[in-house]
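Asks: Before I ask anything, here is the structure I am working with.
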Amino acid sequence: MSLEQEEETQPGRLLGRRDAVPAFIEPNVRFWITERQSFIRRFLQWTELLDPTNVFISVESIENSRQLLCTNEDVSSPASADQRIQEAWKRSLATVHPDSSNLIPKLFRPAAFLPFMAPTVFLSMTPLKGIKSVILPQVFLCAYMAAFNSINGNRSYTCKPLERSLLMAGAVASSTFLGVIPQFVQMKYGLTGPWIKRLLPVIFLVQASGMNVYMSRSLESIKGIAVMDKEGNVLGHSRIAGTKAVRETLASRIVLFGTSALIPEVFTYFFKRTQYFRKNPGSLWILKLSCTVLAMGLMVPFSFSIFPQIGQIQYCSLEEKIQSPTEETEIFYHRGV
């Protein structure tokens with residue numbers, strides 16, 4: 001079963017889905033538009049949404065939370081003093097896609113990103129011997145990234161399953177190729193410069209992550225994504241907004257993987273010069289893994305918070321066919337994760 005089919009066959013075709021009530025506005029979209037959070041508030045919000053327990057929330061609990069958010073007119077923000085409302089918003093934002101109102105597959109929810117990515121990034125940055133040991137971590141890393149980017153991206157446009165599958169395959173192949181280049185260069189030429197050996201994998205990991213986002217979400221800039229007014233009403237589909245959404249996500253991934261890969265390399269460089277390392281050389285891998293997990297643990301919510309989930313764009317920047325039916329000066333679009 002493909003990832004797209006898995007997403008569609010989730011048991012949670014949730015209350016208030018867009019095809020059920022024409023005037024319905026997705027609660028998650030309403031939240032991100034009305035909150036207009038600062039970077040600090042977005043960061044704190046993401047630290048809650050990235051709680052690993054959000055991966056295991058039951059469908060029944062999510063449906064009950066959605067029912068509360070969809071039927072209670074007084075529910076407007078998780079800042080409410082009511083603990084039930086706070087928990088309902090957390091469950092909804094962490095598990096439901098804003099464009100389709102479908103449940104996000106458990107393995108590709110934002111809360112699952114760090115547990116999967118941290119050890120995989122560590123393995124992909126570790127010098128290994130043998131072609132299989134070099135390629136397999138990169139394939140897994142790039143395949144998971146492509147699936148995560150696609151599932152959590154904007155899904156407001158129509159797309160054939162074959163079209164999306166081909167793009168996913170291209171994203172995995174191209175980013176994997178970029179990711180393995182440093183390892184093959186090292187195996188063939190035996191680079192000796194300490195900083196070249198450390199920085200080359202970081203540079204190519206950044207390139208691979210950027211390529212992955214661009215390829216897996218390129219349909220957003222080709223077909224266009226839905227743009228909305230401040231009430232959440234869809235005004236049309238814009239390629240310009242789609243391109244902006246992809247660029248913002250690409251920039252956030254570069255920050256995430258570049259920083260998360262660079263920090264462990266810097267720490268290990270200085271650690272290898274200490275007396276403790278000379279006595280305990282095996283501790284290097286423990287330190288590097290710990291640094292990778294800690295760096296990604298900080299950088300995942302940081303990178304997800306750089307840009308708002310619901311971005312803004314001036315109406316005069318959009319296509320003429322969208323400008324004409326509205327007098328709004330600020331238009332909104334779902335950027336995706």
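Note that Cβ sites are derived from N, Cα and C of the backbone, with glycine treated the same way.
Pulled from Swiss-Prot, these are the listed features:
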- SER2: N-acetylserine (MOD_RES)
- 111-131: transmembrane segment (TRANSMEM)
- 133-153: transmembrane segment (TRANSMEM)
- 165-185: transmembrane segment (TRANSMEM)
- LYS197: N6-acetyllysine (MOD_RES)
- 251-271: transmembrane segment (TRANSMEM)
- 293-313: transmembrane segment (TRANSMEM)
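Tell me about the surroundings of these features in the structure.
Replies: Sequence-distant contacts of the transmembrane segment (111-131), counting only residues of its own chain at least 6 positions beyond either end whose CB sits under 8 Å from a CB of the stretch, comprise 49-55, 94, 137-138, 140-141, 144-145, 148, 179, 183, 186-187, 197, 201-202, 205, 257, 260-261, 264-265, 285, 288-289, 292-293, 296-297, 300.
Summarising the environment of LYS197 (N6-acetyllysine), the number of other Cβ atoms within 10 Å of its Cβ, over all protein chains shown, is 17.
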